[in-house]
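Just below is one structure, and these are the notes that go with it.
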């Protein structure tokens, strides 16, 4: 008989690095947009998501609402996921690219904490240690004056904007972690495309309402901004596709660790294209957060391997 062709070794990790690069470039283009509010950029991103997911929903015949018992979970997944996107885009616009990217990588810590509270998953001393590392990293990036005694320690722009961006990035990370907990609760009973559909539709509705309330809706005047909007949508979509493909052929632990390349790309792009050298405080904060997220990923990976071996026995 014919043997099944073996997957290319390391292909999943290559997809992960490619995904991280695409997400980082999309973030850089967001920083380059001059005349659009972060909520409007998020609305355009949701339109791209809907255009991509709609053919998949029709092909797989999943419907547009999902199972009755899961719709409330899908609604909150869409609401929290789109909220995380808007807050993250705002953080990218008002604070250094590397700082905002680093804070988002504290997400595994938030996920472990929320899973302990809502899903009754185990929360050990190791998880507590990783949480303290992540908090230390965020403090080094935020650099509150009551601890550091100064408001101009290599901060880009005003300290008020930096603080607002930090709060937005933390709230975005907590919202993203909440969506992961909801997806764990839902499990495999809901198709992946349907989950993204809720994310895009609820996000678009929320963004349109917010834009009218803020009176910020306007078409981009500059041709450059229009091109950047399209590129942000395409790059974000490409990043999601490659990350999904990576998780299909590679274990979640190695993917989570390699995803930290996003931070490396953010530092490089910030130096090369934004002419902003990160401070040693930011580097120290990045190391703390990366140690926390990598430690959490390695621990979860080892637990899954251990469970798999026990099930084989």
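Just so it is clear, glycine is given a Cβ too, placed from its N, Cα and C backbone atoms.
Please treat TrEMBL annotations as automatic predictions, because they have not gone through curation.
The domain 'EamA' annotation in TrEMBL covers 11-142 (among others). Summed and averaged per residue, pLDDT over the domain 'EamA' (11-142) gives 85.
Per TrEMBL, transmembrane segment is recorded for 12-30 (among others). If one looks beyond the transmembrane segment (12-30) by at least 6 residues along the same chain, the residues whose Cβ comes under 8 Å of a Cβ in the stretch are 38, 41, 89, 92-93, 97, 100-101, 228, 231-232, 235-236, 238-240, 242-243, 245-250, 254-255, 258-259, 261-262, 265-266, 269-270, 273-274.
Outside the transmembrane segment (42-60), and at least 6 residues removed from its termini, the chain residues within Cβ reach (under 8 Å) are 82, 85-86, 89, 191, 193-194, 196-197, 199-201, 203-204, 207-208, 211, 229, 232-234, 236-237. The annotation transmembrane segment is assigned in TrEMBL to 42-60 (among others).
Under the heading transmembrane segment, TrEMBL lists 72-92 (among others).
What TrEMBL records for 98-119 (among others) is transmembrane segment.
Per TrEMBL, transmembrane segment is recorded for 126-146 (among others). Remote same-chain partners of the transmembrane segment (126-146), defined as residues 6 or more beyond its termini with a Cβ less than 8 Å from a stretch Cβ, comprise 99, 102-103, 106, 108-109, 112-113, 116, 153, 155, 159, 162-163, 166, 170, 281-282, 284-289, 291-293, 295-296, 299.
The annotation domain 'EamA' is assigned in TrEMBL to 164-293 (among others).
Here the transmembrane segment (166-184) has Cβ contacts under 8 Å with residues 73, 76-77, 80-81, 83-88, 90-91, 94-95, 99-100, 103-104, 106-108, 110-111, 113-115, 118-119, 138, 141-142, 195 of the same chain, all six or more residues outside its ends. Residues or ranges marked as transmembrane segment in TrEMBL: 166-184 (among others).
The transmembrane segment feature in TrEMBL is assigned to 196-214 (among others).
Remote same-chain partners of the transmembrane segment (226-244), defined as residues 6 or more beyond its termini with a Cβ less than 8 Å from a stretch Cβ, comprise 15-16, 18-20, 22-23, 25-26, 29-30, 32-33, 36, 41, 44-45, 47-49, 52, 192, 196, 220, 255, 259. TrEMBL lists 226-244 (among others) with the feature transmembrane segment.
Tertiary neighbourhood of the transmembrane segment (256-274): same-chain residues 13, 16-17, 19-21, 23-25, 27-28, 31, 96-98, 101-102, 105, 108, 243, 286, 289-290, 293-294, 296-298, 300-301, selected by CB-CB distance under 8 Å and a gap of 6+ residues from either end. Among the features that TrEMBL reports, transmembrane segment is placed at 256-274 (among others).
The annotation transmembrane segment is assigned in TrEMBL to 280-298 (among others).
Most Cβ pairs under 8 A with the transmembrane segment (280-298) among the ranges 72-92, 98-119, 196-214 are made by 98-119.
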